[in-house]
Ligand SMILES: Nc1ncnc2c1ncn2[C@@H]1O[C@H](COP(=O)(O)OP(=O)(O)OP(=O)(O)O)[C@@H](O)[C@H]1O
Ligand SMILES: [Mg+2]
C-alpha cells in the first residue's frame, strides 16, 4: 500500500500540506522522510480529494518540499503489554531507558473510544492518600479525575508524588498476603523541565515505585506537537492495564498547560477561528476526550484514576485551561502561593478545592459516619475565619466578639495543624478526623450546625476550648 | 433512530475534517439522515451548495477517507415514539445505550452500529379507548398501554395523519398484545395506527394554543419553591461556574419535582454523572407515587467525550420526546445539563463550515436556536383537547463564571426563572449556592394563588418578609465589612441574626441528607414561620429593653437549624415555636 509522495505544497508551523492521488483516511498516521535521512511522524488532520493536511509530531523543522511522505493506511496505535511496567518511554512511546524492545501483546488505537455511560461503574471506593486536606475534605476515590490547580514555582509535584507514594500501598500488603502489587502509576510528562522530571524519577527510584510504573517523557525541549500524542499514549496504556490486566492505575499528567499550548499552536497553524484567549473552540471537547478516560467499568477489576497537574497562567482560574478543566473533572485541588510562602506543606487552599465524588465515597461503612459532617463544618468555619481576617486588619481583634475571635483562632490552627502536615507525613484517616474534632471542639457546640447531634455527642471534646487557652498561655 | 430507508441517489465523500464531512453528487434535502463511509456512520445534512453537500457525522470519523460512499435515507433526523421510551437511557440520536453495549459486545462505544429507539419485538397489552364507528381527530387517544407502573401510555392518532379539524371513523380496533409496529386500529380513510410514531426532532409537535401557567412545578427545594418558583410549563436557567451546583440542582429536580414525566438530557457533561442517575433512580422513590423514579424517567446521555454532532442533536431528541408525553396530557419536565455544551457544539460545527462567526465565535443563529428550544416549553392545549406541559430547565456553564457571555445572556432574554449560582457560596459550602440577591422568578405572582390555596393564605407575605430581611442584611453586611458587627445599633444586630437563620436554616438545604433533601411546601412554610416567630418575639423583647446579646443567646434558637433534618417536623416546629416564645418572653 504505502506509496510515497514528493508533493508537499505548503509548510506552515507544525503543519504540512501535500497533494495525493489516493484516498487518505482522516486521522491516519504518516511518515515523512527528510532529505537528511530523518523520519518524522505525523497524523492527517484533514483529508480532501487530492489534498491532505498533516500535523507533524516532531515539528516541521528539517522538512522541505523535497521530503517524501508515506501513508501507512492506519490510525495511530500504541503497543501494549504488561511488560511496559518499569519502562521509561519518550513522548511518542519509544523506549529511552536502554531496555529491550517492547514486544506487544496487543495494539490499541490511541484516540480511544468513549466508554458507554451505561457500562460505567460509579466510582465510590475511598483511596487513602494520607494527606489530610484530601482525605478529610476532598476525598479521592478510585476512578476519579481530580486535577491539581497550581502555578509556576509551586510544589505541586511534591504533592503529586506524596499522593502517588502514599496512595499506592497495595491492599494485600496490609494483610500480609504478598500477591504483589495491583497498583500501577503512569506518569506522563509534557513539556516539563528535565529537572522536574528528574525529581519524579528519583522519587520513583528511591521508593521502588518504578517497577510498577510506566513513564512517558516529553520534556521542555522535545517537540511541542508530540504533546498531542503523549497523554493519549499514557491513557491507552492506563486503560489496558486497568481494564485488561486488573490494575488500579493512577495517572499523573503534568503539565496540562503545555498540552493546551500545543493545541493552540496547531489551531493557529490551521488558521482556525480562535476561541477565548486564542485557544481553539474545541478545546473543551479535546480535553474531555482525555479526562473522561478515567473511571471504572462494570465487570472489570481495575480502575483509572487521574491526577492531571496544570499551572494556571497568572494564577488565574478563569483562564481557559483551568476553567475548561474544572468543567470536566470531578473537582480540583488548589495549590495556593500565599500558603506556600507561609511554609505550609502541602499549601492547599481547601475553600475553592472540591471533590465531587466525595459524598458517595465516604460515610458509614466506607470511611466513618461523621466524615461528611466534619468536613462540611470545617469548610464553613474556615471560610468564616478567613472572612474575619480581612475585618480584623481594619478594626483589630478587640472590636470583635468572642464568637468571632474563636473563628479566627480556628482558621489559624486549621492551617497549622490540619493542613501543614509535611510532604513526608502519612496520616491515617482516623487521625485526620481526630485533628478535625480537636479543632471543631474550639467552637461552642451550638455553632456546629452542620453536624448531626449524635456525632457531636460522640466526638465533641467538652474540654476543647480550655485546651486552647491552656495552649495559648503555654506558648 | 428511524430505520426507514427510502433511498435516494448516493454520493461520494469529498473531504473529512473531524465531525464534518462533505459529499459530492448527493441528492439530498436539508436535515436528511445519511450513512457515511464503509462503516455506515450516521450523519445529517447541514448545508447544500451546488454539488457539494456538507454533513455532520454523529460518530467518530477516524480513518474515513474521501472517495467512500454516502448513502441517503431521504428522511430527516427523527425519533421513534411509543411505549418503551421510559426507563431507558439513550445517546444523543436516540440509540439505547444498553442495546449498544449488547450489540457492540464492549463497554466502549464502537462505530457503525444502529439500534431502534424503542424495542420492536416486545409486545404490550393494548386496551382500546374507542370503538369501531367512533370519530377521531388528530392526536386523539385510541387506546392505552401500561408502559411502566407509573405511566399509562396513550396511543394517539399521529398528529400528521389527519388535517386540522379533520376526523375519520374508526373501522376496527383490537385489544390484546401487540408489538409497536403492529396495527392496533384502522380508520376509514385508510390510516393504520400503530403504537410507534416517528417525529422529526427539529420540528415542534403541533398544539392548539399556549396558555398562561398557574401551577408551580413543586421541587421540594426550599429556595426554589419558597423564593423563586417555576411554573409547570415554565422555563428556567441555572448558570454558574464549575462546581457551583448546577448538576446537583438538576438531579434534585429530576428526583423530586412533581412532574408526571422527567426527561433528563446530559449534554456534553460527565459520564459518571449519568452513571449516578442510572444507579440511583431505580432505587429512589417518586415522591408522588412511591414507584421507582425510573418509571417516569427517560435519560439522554451524550457525554463530553461522545461525538460533538450528536451533542448538538441531543437536546432536540429530548424535547421531542417531552412533547410526545405532553400530547398525552402529562406534565413533563425536561432538564438539559448543559445548554452551553450544546451551544459549543453549534459553534464547533459552524466554525468547521467556515460560517461567519458572531459573538465569541458562536454562530449568528445562536440566539434564535436557544429561543426556538425554550419556545417548545409551555403549558399547552393539545390537538386532542387535553392539556399538558413541558417545563424546560437548562444549566448554563459560562466560561470563567462570567454571566456576560453570549449563551447566558441570550438564555436570560428568553427564560422566566433565573437561578444564579454563586462560587462564593459554594466555597463556603452554602448549598444550594443559589444567590438570593441575583435570582428571580417572573412566575411568582401567577403562582401565588396556588400556594395560598394549597399551603397557606399568607404564603406571599411571608416570602416578601424573608426577601426584605435578606435585602436589609445585604446592605448591613457592607457596613459590617468596614466597622465590625458590634458597632451596629442593636436592632440591626438583631436583623443580622434573623437573616443568619434564614440563610443557614431556610436557604441551605443538604441534597445528601436523607430527610433534608426533599422539603414539602408545608415544611418550607413552617420553617419560615418559625424564623418569623423568632423575629417578632425578639423585636418585642428588644423594645422592652432586653439587650440583644441576651436575646441571641436564647437556648432554643439553634434548634431552628435542625428543622430541615426532622422527618416529623410538625411536632418539632410546634414545640420549638412555643419554646422560643416562652424563653424570649421570660427575658423581660
Ligand atoms: N444542594 C447541595 N447539597 C449538598 N452539596 C451540594 C449541593 N449542591 C452542590 N453540592 C456540592 O457541590 C458539588 C458540585 O456540584 P455540581 O456537580 O452540581 O456542580 P456543577 O455546577 O454542575 O459543576 P460543573 O459545571 O463543573 O458540572 C457537588 O459535588 C456537591 O459536593
Ligand atoms: Mg455539572
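Including glycine, each Cβ sits where the backbone N, Cα and C put it.
No curator has checked TrEMBL annotations; they are predicted automatically.
Copied from TrEMBL, the annotated features are:
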- B:240, B:241, B:242, B:243, B:244, B:245, B:246, B:247: ATP binding site (BINDING)
- B:13-74: domain 'ATPase F1/V1/A1 complex alpha/beta subunit N-terminal' (DOMAIN)
- B:116-202: domain 'ATPsynthase alpha/beta subunit barrel-sandwich' (DOMAIN)
- B:220-441: domain 'ATPase F1/V1/A1 complex alpha/beta subunit nucleotide-binding' (DOMAIN)
- B:449-551: domain 'ATP synthase A/B type C-terminal' (DOMAIN)
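The binding-site residues near ligand 2, defined by a Cβ under 6 Å from one of its atoms, are B:246, B:247, chosen from B:240, B:241, B:243, B:244, B:246, B:247.
Between the domain 'ATPsynthase alpha/beta subunit barrel-sandwich' (B:116-202) and the listed ranges B:13-74, B:220-441, B:449-551, the one holding the most Cβ pairs under 8 Å is B:220-441. In this structure, the binding-site residues B:244, B:247 were compared by how many other Cβ atoms lie within 10 Å of their Cβ, and the smallest count belongs to B:247.
Checking the binding-site residues B:240, B:242, B:243, B:245, B:246 against chain A with a Cβ-Cβ cut-off under 8 Å leaves B:242, B:243, in sequence order.
According to DSSP, residue B:241 (ATP binding site) is assigned to coil rather than to any helix or strand. Within its own chain, residue B:243 (ATP binding site) has B:423, B:426 as residues 6 or more apart in sequence whose C-beta sits under 8 angstroms from its own. Assigned with DSSP, the residues of the domain 'ATPsynthase alpha/beta subunit barrel-sandwich' (B:116-202) fall into helix, strand and coil as follows: 0 helix, 43 strand, 44 coil. Take the CB of residue B:245 (ATP binding site) and look out to 10 A: across all protein chains shown you find 25 other CB atoms.
The Cβ centroid of B:240, B:241, B:242, B:243, B:244, B:245, B:246, B:247 marks the ATP site; residues of that chain outside this set whose Cβ lies within 8 Å of it are B:397, B:421, B:423, B:426, B:433, given in sequence order. Between the binding-site residues B:240, B:241, the minimum number of other C-beta atoms within 10 Å of a residue's C-beta occurs at B:241. Here residue B:246 (ATP binding site) comes close to B:238, B:239, B:240, B:337, B:338, B:395, B:396, B:397, B:421: these same-chain residues lie at least six apart in sequence, with C-beta atoms under 8 angstroms from its C-beta. All protein chains included, residue B:242 (ATP binding site) registers 25 other Cβ atoms within 10 Å of its own Cβ.
Each residue in the domain 'ATPase F1/V1/A1 complex alpha/beta subunit N-terminal' (B:13-74) has a pLDDT score, and their mean in this model is 89.
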